[in-house]
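Let me begin by presenting the structure, written as structure tokens, before commenting on it.
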């Protein structure tokens, strides 16, 4: 898990023209709270960023107020089953929301990805063309107008979320594609493969930008930083590599794990937190007595959650690296964990056929989401935090609202 100092995922965006092209810049809002003086914060932003002129200052203030309102929202809501969908004839591999949660996608062993309307449950498009399992899927959030699919047929396809049309097929990997990600600005797609490499693809032209080679075993996870100028990859060779996107140069090789890196970055029973600038290990998060299967920051970068095969999750402070609470209640391994956008609740998915919502500050279980008849392998909040999607090996996905 990488940590970059003074970066916060609560941010607003500013657009500017450069060479005739509209570009987006993220402005990080460090420690935004319900008590933050918005006018004072806006003044600080304008002093540091010339792009924020008087003509757009009021719009930026509105965005900050919306974020502040979201941070202050109460977190004691209960979720109810809104819809259950038999999405595919063969098992699901993954599910994902667009940013608003108005639509979602499902990948499957049936070689397709399907795009769904969340409110009606209507199938909007079936994305067909792969010749093997569709394993990795993603929207280009926050825009949500494109979908990328990675397959065991060694290709990645880029689709229109609006029409279902395939824009490009990215060919070049010599083994299965098992992970992918859009850059935050939706300029690039990164694909990770069992061939030990990652590749970067230009969304506009469909051309390969670069091949990132350096691992000695399969690439099984990758992630862009919030600025989109660095990519970190995790491998079965027990290392992670941080790359500079523009130059294609290795910035750091992160070593120290004794087991496979199953997500960026988790090892067997421990999580290492790394400084993205220096490449130094800041802390090792201990406590689990079996493999750590998933790990994530909350949106503000202040908390870290882990999910383990020992049937528990833990929440750690990203400042002190102390364990704040344990999430105990599942009756089997937990394969997925994520925070709601407010960072006040965590969501876990387990082989015990349930997903659970937890208070992130106390570890108390707020609710168990029951109804699936087999292991739940995927779960996610939408951006508003008022809708949850769960995907299960029972071949259904469920929407909770």
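Positions of Cβ are set from backbone N, Cα and C atoms, glycine also.
Here the structure is a predicted model, which means the values were calculated and not measured.
Range 1-20 is the one annotated as region 'Disordered', of 1-20, 21-40 (source: TrEMBL). Mapped onto DSSP helix, strand and coil, the repeat 'WD' (285-326) counts 0 helix, 23 strand, 19 coil. Residues 23-24, 26, 132, 135-141, 143, 146, 148, 150-152, 154-158, 217-224, 226-228, 231, 233, 235, 245, 248 of the same chain lie 6+ residues outside the repeat 'WD' (170-211) yet bring a C-beta within less than 8 angstroms of a C-beta in it. The largest share of C-beta pairs under 8 angstroms with the repeat 'WD' (85-126) comes from 369-401, of the ranges 285-326, 327-368, 369-401. Mean pLDDT across the repeat 'WD' (170-211) comes to 98 in this model. The DSSP breakdown of the repeat 'WD' (170-211), given as helix, strand and coil counts, is 0 helix, 23 strand, 19 coil.
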